[in-house]
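Comments concern the structure below.
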Amino acid sequence: MPFSNSHNTQKLRFPAEDEFPDLSSHNNHMAKVLTPELYAELRAKCTPSGFTLDDAIQTGVDNPGHPYIMTVGAVAGDEESYDVFKDLFDPIIEERHGGYQPSDEHKTDLNPDNLQGGDDLDPNYVLSSRVRTGRSIRGFCLPPHCSRGERRAIEKLAVEALSSLDGDLSGRYYALKSMTEAEQQQLIDDHFLFDKPVSPLLLASGMARDWPDARGIWHNDNKTFLVWINEEDHLRVISMQKGGNMKEVFTRFCTGLTQIETLFKSKNYEFMWNPHLGYILTCPSNLGTGLRAGVHIKLPHLGKHEKFSEVLKRLRLQKRGTGGVDTAAVGGVFDVSNADRLGFSEVELVQMVVDGVKLLIEMEQRLEQGQAIDDLMPAQK
């Protein structure tokens with residue numbers, strides 16, 4: 001299991017060029033940004049908790065690229081990482097988030113009343129709807145760098161806060177280490193639980209250390225509101241249900257998330273946030289809202305159409321396979337979600353998904369009738 005070696009201070013005895021990683025066959029955002037000069041400039045720096053440049057880039061060094069998506073190739077180990085290593089992270093953020101500038105300010109809107117429509121996506125096409133985000137608790141290191149004690153303290157805090165939720169959000173916590181293999185696998189197969197730590201991002205960044213210690217899932221009684229604890233982020237908050245009522249899913253998401261934040265504040269803890277980057281998370285790809293609003297949608301005709309990728313790009317949407325990022329579409333079912341995280345509010349992102357999915361369904365219906373879709377091609381959003 002590869003883990004970063006950056007705590008070896010002996011490396012500073014070697015010149016920077018001798019320690020610079022071989023990125024010659026790499027295709028990720030980190031590799032595009034990191035030059036020998038930048039490495040030399042940043043390699044001796046560390047955050048107050050001891051996180052170094054080599055810690056940040058190890059996952060991108062060990063994983064040159066991905067056949068389907070452009071990976072980031074770097075992670076943060078604490079809130080200060082984005083500041084101490086801003087010369088690495090700022091260009092990555094600009095490239096990953098559509099030209100987002102170091103002077104830009106992020107906006108947050110968690111008022112579901114501002115969402116137009118979204119309660120009537122056709123269930124003949126939309127099989128399920130889901131909204132997720134991540135949150136990090138200020139004062140703790142992030143998962144690539146946190147200690148066992150920190151991780152256990154985060155778990156304890158989260159479980160105490162979540163146990164105060166009531167009504168439709170009332171539920172219970174299931175620690176990973178007290179589950180049987182069969183129970184774990186069932187929750188994974190049902191798309192409720194995060195996968196076992198086989199992802200290169202988790203392994204190479206050090207996020208899988210001590211697995212499954214202090215990891216688990218909290219969910220309400222009908223499994224429509226879930227919180228993952230200590231996977232890639234301190235908290236992953238998920239609202240999901242069958243069918244196409246994205247409005248209901250988003251309303252539950254906003255209500256639950258706001259209540260969780262209030263409960264943490266009552267214990268004198270707050271979430272990592274700043275006006276420029278919004279909510280701070282482990283992977284730079286999730287900064288800002290951290291929000292992914294997605295549907296599992298049946299598009300057997302449009303999914304094979306030569307313009308499908310172009311349509312999604314213009315709608316600022318992205319597609320994944322039925323089982324997630326590394327998988328194929330089974331039976332013409334795609335996971336379609338917003339492509340952006342930073343620079344747009346939560347409501348704006350969910351609105352893009354709602355409006356875009358309606359158009360995708362209209363296109364699919366045209367193709368079912370053997371008709372052309374050229375006149376439905378959207379302008380670039």
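Just so it is clear, glycine is given a Cβ too, placed from its N, Cα and C backbone atoms.
Annotation comment: Swiss-Prot describes Ser4, Ser199, Ser309 as phosphoserine. For 11-98, the entry in Swiss-Prot reads domain 'Phosphagen kinase N-terminal', with the evidence type sequence analysis. Residues or ranges marked as ubiquitin cross-link by Swiss-Prot: Lys45, Lys107, Lys381. According to Swiss-Prot, the feature creatine binding site maps to Val72, Glu232, Ser285.
Nearest Cα neighbour of Glu232 (creatine binding site) among the listed recorded positions (Lys45, Lys107, Ser199): Ser199. Geometry remark: Lys45 (ubiquitin cross-link) versus Lys381 (ubiquitin cross-link), CA distance 40 Å.
Here Val72 (creatine binding site) is compared against the recorded positions Ser199, Ser309, Lys381, and the shortest C-alpha distance is to Ser199. Note on the domain 'Phosphagen kinase N-terminal' (11-98): DSSP counts are 44 helix, 4 strand, 40 coil. Excluding Val72, Glu232, Ser285 themselves, the residues of that chain whose CB lies within 8 A of the CB mean position for the creatine site are, in sequence, Thr71, Val75, Leu201, Leu281, Thr282, Cys283, Pro284, Asn286. Its Cβ placed at the centre, Lys45 (ubiquitin cross-link) has 12 other Cβ atoms within 10 Å. A separation of roughly 16 Å, to the nearest angstrom, links the Cα atoms of Lys107 (ubiquitin cross-link) and Ser285 (creatine binding site).
Ser199 (phosphoserine) has Ser285 as its nearest neighbour among the recorded positions Ser285, Ser309, Lys381, going by CA to CA distance. Applying an 8 A CB threshold to same-chain residues 6+ apart, the list for Ser285 (creatine binding site) reads Val72, Arg96, Arg341. Counting every protein chain shown, the number of other Cβ atoms lying within 10 Å of the Cβ of Lys381 (ubiquitin cross-link) is 13.
When Cβ atoms from all protein chains are considered, those within 10 Å of Val72 (creatine binding site) total 21, not counting its own.
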